Amino acid sequence: MGTVRRMTLIGLFLLVAVVGLGIPTSGAARTGDESKRVIEVEGPVVWAVQLSDLHFSVHHPDRALDFRRLVGPALSLIRPSLVLLTGDLTDGKSRDLLTMKQNEEEWVEYQSVMDDVIQRSGLDRTIFYDVRGNHDNFGVPAVGGALDFFSKYSINGRLGRRSNVNSVTLQTPERKHLFVGLDSSMRVGIRGPTNLFGHPTDEMLAETDAQLSQWDSLSGKPVTKISFGHFPLSFSAASDSGKTLKEIFLKHSISAYICGHLHSRFGKNLKRHHRSSDRVLSSERFFQLNMKPQASATTQNCSLGAPPAEEFWEWEMGDWRKSRMMRILAIDGGHVSYMDIDLKSGLKETIILPTFPLDSRFMSTSLSHRTYECEFMVPSSHETIRALVFSNSPIASVIVRIFDLRGGDFSMVMDSQMTKREDITSGGALYSAPWNYRAFEDPSPDRYWLQIIANDAMGRPTFTDLRPFSINGLSAHRSWTWKEFFVMGCQWAALYGPILWSVFCFLFSLLLIPKVLWLCTNKQLTYASSLANKSIFSGVAWILQELCNIPVVWFGFLGYLFFLLLFPWFIGQVFTNGGKGYMTYKGWVVKSISQRGGNFFLGHPDIMVIVIPHLVFVVLPAVLVAAALAAERTRYQEKFRTTMEKKEDDYSLLHKGSVKHDIQGSRTSKFRFGNRWTQKFLLVVCLGIFWKHFSLLGASVAGLFYVRYRKSRLEH
């Protein structure tokens, strides 16, 4: 009873605090576990704000200044139920980008800016959740150690949220909305650039599974599940047992996983739809060609006990660092929608977020299609068009327009006034308009397009972008650019091993196959024979065999490949405060910071950003250019010998020996120092390889020795 009484008093205290601060909640109940919270929310719609990749830096003060200036008023206008900051809160880089380590001054600035933003927004501090990114973990040997400034200065750290999995539930009278935050950064944070991937552990995956299932058997209300973290799944490694976050998310059929990490420079369509595959040899383990793969044509199972489709959306958002992006995510009767706002030009007076119908390009799921086909829809969910409107000025009118694109041109087929709903008393206003949704049934997912227009009291209109919708729940096709596919469609953790061994096998084959063929057939290919065959294969075989004729170079390359496989690539300081280690193609080997002693590998597959570029852009071109130089030398020698023999025959009948000797010497000098453009071109390519090698080396090694240099200077 004492515990119940204390919890009741705490609940009353929080209720008073919420009312006093003007938070858009009617009450908040906290469980005994700090990693789980329940917040009561009024109204049928809940919304949250996401910000990612802030990269506060002592070398770029504008990032923190703009955040302090813009985000506080934006949150005061939007008044979300949650604010999610998904990693890379600080930059952790030197001005020359060579050193990557934690800078306490940046963390002090982050703490100060967030305190100011929270105060200006009028929101409760406890609705803010920040997670660690890879930049927040550069050179941190242990969580909770002296260099772990995240635990000291972050909101989660100061509120005692020590778990790497934290959840919060927004509860309305009709539905629960479960948000689960993940910190999958390295538990032992090595410095960049080999700190790039998320590394969920088996313990973290088990905790994530438990958090996502916390309401499955305890609530009669439907549950919408959202997860948030820093790393996209394309840059998340598997655990030691081979399990992945994707498997957990599919198991629970979450609605969306929202993340950051990739920034905006790779494209604006960094979104991916995941679904389970029954095929044992599915290529989706390694890559996915389309943003949303086409589902196989199957008959809908409309029985009430049928399990939901295992699927979810992954939505990466742009960064604050350069793009000044902010995202609003809303859940309206289980329908999840979002919009990204560009704050580069300042905060807009009015913001409109349509919540139903959903954008058929990025938000439709097979569950939506099944719900419609099986007529499981809740009438109140489909019978109105709805949109959230946030404005600093009074809104005079809100209009919804629907356009038909059947003939190739937009023709308006609906123009209706929307009315304000009175069941939302704080934050944004929810507007709705009745419609005959069955009139918009169509097998094409992008025939009908939606636009919302809000006019404020001063007559200023605000338009939303046209967006396609499908009342049937069908998905419109949207393709990635090659850069978007490169970062979202490829599972780099799974691809590292096949790429690595494919490149090594190819390099060894370039060196060994010509040598073996020569030894087995005892047949030496020549320049003349390769020309006579007029075959590309014959020409390549001759070029590679010429490399075998220079034993020093050939054995040098072969030995270097074995060196890369068997020995450390380089040695340096892995952590900011010391900790020497060496890197192999498997990862970093360092002294264990645990009580066990011994060594273990770190940064796998993160080290692929060094290993693969070095093999593909340095070693492979070096082998090919060396073989080409050897072939060019042989071709030159044969041409020189043929020319000299011809000249010798031409002059033998006309001149005596002394005269012939003089002419031969002059011809030799002219031929030897003549225009050998192939050789010159190959030497320029060598310079390019040399530059590429040292640019890659500088990105990975210079910082390691820079820290040692600075440390030695301080000691002296």
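The backbone N, Cα and C atoms fix where each Cβ goes, glycine too.
Marked as domain 'Calcineurin-like phosphoesterase' by TrEMBL: 49-264.
Under the heading domain 'TMEM62 Ig-like', TrEMBL lists 348-474. The average pLDDT computed over the domain 'TMEM62 Ig-like' (348-474) stands at 89.
Annotation source TrEMBL lists domain 'TMEM62 C-terminal' at 498-698.
For 1-22, the entry in TrEMBL reads signal peptide.
The transmembrane segment feature in TrEMBL is assigned to 492-513 (among others).
Feature annotation from TrEMBL assigns transmembrane segment to 552-571 (among others). Nonlocal intrachain contacts for the transmembrane segment (552-571), taken as residues 6+ away from its ends with a CB within less than 8 angstroms of a stretch CB, comprise 504, 507-508, 511-512, 515, 580-585, 589, 610-611, 615, 619, 622-623, 626, 630, 700-701, 704.
The transmembrane segment annotation in TrEMBL covers 607-631 (among others).
The transmembrane segment feature in TrEMBL is assigned to 681-707 (among others).
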Taking DSSP H, G, I as helix and E, B as strand, the domain 'TMEM62 Ig-like' (348-474) contains 16 helix, 57 strand, 54 coil
Should anything in the same chain at least six residues away from the transmembrane segment (492-513) have a Cβ under 8 Å from its Cβ atoms, list it; otherwise answer none. 197, 234-238, 285-287, 544, 547-548, 554, 557-558, 561, 565, 585, 604-605, 608, 611-612, 615-616, 619-620, 623-624, 627
